Amino acid sequence: MELTTFWFIIIAVLWVGYLVLEGFDFGVGMLMAVLARDDTERRVLINTIGPVWDGNEVWLLVAGGATFAAFPEWYATLFSGFYLPLLLILVALIVRIIGIEFRSKRDEVSWRRRCDTAIVFGSVVPALLWGVALANIVRGVPIDADGEYVGGFFNLLNPYGLLGGLVTLSVFLVHGAFFVGLKTVGPIRERAIRLGLRAGVVAGALAVAFVVWTGLAQDSLAVWILGGLTVLAFVIGMLNALDRRDGRAFAGTAVAIALLVATLFSGLFPDVMPSSLDAAWSLTTTNAASTPYTLTIMSWVAVFFTPIVIGYQSWSYWVFRRRIGVHHIPV
Amino acid sequence: MDVLDLARWQFGITTVYHFFFVPLTIGLSVLVATMQTIWRRSGDERWLRLTKFFGKLFLINFAMGIATGIVQEFQFGMNWSDYSRFVGDIFGAPLAIEGLLAFFLESTFLGLWIFGWDRLKPGLHLACIWIAAAGTVFSAYFILAANSFMQNPVGYTLNGEKGRAELTDFGAVLTNKVLLATFPHQIIGCFMVAGAFVAGVALWNMMRHPDRDADAFRPAFRMGAVVLLVAGLGTMITGDFQGKVMTEVQPMKMAAAEALYDDAKPAPFSILTVGTLDGSEEVFKLEVPKLLSFLGTGTFDGEVRGIDSLQEEYEQKYGPGDYKPNIPVTYWTFRAMITAGGLAMAAGALMLWATRRGRTPRSRWMLRAAIVLPLLPMAANSFGWIFTEMGRQPWVVFGLMPTASGVSPSTSVGEVATSLATFTLLYGVLAVIEVRLLLRYVQAGLPQLDPPRDPDLGDADAPLAYAY
């Protein structure tokens, strides 16, 4: 396999890791607004993701760094081109971190309200915009002969991009709800699963529409197969949630998100950012890549350290595997 | 202002702001880990309470560091896309490795440490904070490797066809002589910040509430003050070494640090200058003869190149242009760095003296000094970085790429102005929140330890030891 292809796959894997993991903590963040009935229940929700959300977010930083190192042209065009959406995402993530970390540091009701708003805003905005961004990358955007994005902000708000955003938003909400179902006990668990099932109907319908649209636009067998499997995994997750098999329900949405990302990246390959103006101006895995020497070094680092990272992150999930409920929240 | 000015201001503001939190995070992670180790070894519960107290302050600071750190990684692509294209092959690698090796370690093991008090065996729990602390040090090494390439490019070749620098020797990038000089200076500088922080907070509590936990704050204060003083000596020694490397690879920066226009042998070091810094007029100057020669070359009569002759040389080498950094900024930030660091050490030594043999100082001035103390090394760190980065101008990669050609070509003034305004405003609000929170927890003093668990509740139903 070409090193450039290998790195395309690694970047895809990093996005899978990021969206599967932070996907559920975004979902839990959104649920703060609709699921919890009082302060204690909101604390139960935050504490389901407490020990792990920060590690989940690092997947984004590594995806960004890896793109910079392996495909500098892609990194440069993408982040200078998608300027305002990225700014919004950054602001949302900052506000969210502060909301989560500082919420319990003060007791005033007004303070906690504001932190809740920050957490909800900080979860909804990236959940929506990452979908918009990924869909637009796959769809193709105006890139000129110098590899510069020349489309402006509103170009990104096309129907396909927005549908992509709604898919990630709704699927993450369901993913988060099933995670809460897996991690809590008592009435909050039951409510989370019921809400996840109801939202799941909408999310599933949106996902089917998005997968079909992607399949028609990309004209690739792999996209149809992976897209079909995405929907299948999501449905299996839903069916398991109906039976209150929490682990399998959560695994279903996790696999569905992973397959959705795989669908998009397989539609993208061998481009990394197709130009809608002229196919010759598209950024590809070869013309956007770093040198073989850099890619070789990075490959060794990745091959050696990624299993270690996955190992200790999994261990931390194992350490905090216990379900929690309102009685676990200290007064 | 054009895109370039705005992008530079944004980089300056977001980076200096982010860097208020970084040195404290690095230094304090080790000091908190040390406190917990002392508790484990001695069984003395004062150290457990100190661990929890400073641990909480550490976490408030850490949250701010993470929140503002995310901007750093994406800013290169957003505002400096041509720079990213030019150096991505080299600069991206340490950044990616920093994420993979350091950030995962920090975030995961810190999560385990924060929430794992009742979930992990004590030894394993202690190991978690040490691993997280090691992560912060790895992080510093890789980000400094990236920065050192910008100061002194090594291990690369220029690819004219692709218009970029390409990596040829990663080992050279990781052993860049600027990196080997900067890394110890920076890490030890972090310990000055953390030492001063622990000392200042502990002394304030001792003086303000002499009847509340003074017996616990006293050893913490002494620990902080000793760390500050030892690290202060360390930064002087490593800074001296760094100055010599800098004089060798970036002579213009050393000349700008002194506002030295003509070559001098031996060269004096001015404590301060009143007058115009373009060298045209000088009202008053306080100088130490031969000191700059020593700082730059290691001998008291070594030659230090002046700005004018370097400008001439660079014009011949790189073509016509202005190769001088902003001289007033480099001159004063260099002095501000040294002054703030020196004052911190002097204050730390004075406070140690005032607390000898169980004494508690009573003077109002000492109380004020304890409040200011943590800010001094923090300021020294910031001034040092402003000096380093401004002294490299007009280059973004020294000798290879001018800052002006690194900026994103397709980004509009409106976009950069929007993000500059947004981040400035947001960071301002966050500063108020953070400072208030820190003060509240500093004033609250040491936490009480949790009462023993209710034996009627099973382990599975006991409240979490730590919860958001």
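Cβ atoms here come from the backbone N, Cα and C positions, even for glycine.
What TrEMBL says about a protein is an automatic prediction, not a curated fact.
Copied over from TrEMBL:
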TRANSMEM  B:12-33  transmembrane segment
TRANSMEM  B:53-71  transmembrane segment
TRANSMEM  B:91-115  transmembrane segment
TRANSMEM  B:127-150  transmembrane segment
TRANSMEM  B:186-207  transmembrane segment
TRANSMEM  B:219-237  transmembrane segment
TRANSMEM  B:332-353  transmembrane segment
TRANSMEM  B:365-387  transmembrane segment
TRANSMEM  B:416-439  transmembrane segment
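Between the transmembrane segment (B:12-33) and the transmembrane segment (B:416-439) there are 3 or more Cβ pairs closer than 8 Å, counting only residues 6 or more apart in sequence, so the two stretches are in contact. Across B:53-71, B:91-115, B:186-207, B:332-353, the stretch most heavily in contact with the transmembrane segment (B:219-237), judged by Cβ pairs under 8 Å, is B:186-207. Ranking B:53-71, B:91-115, B:332-353 by CB pairs under 8 A with the transmembrane segment (B:186-207) puts B:332-353 at the top.
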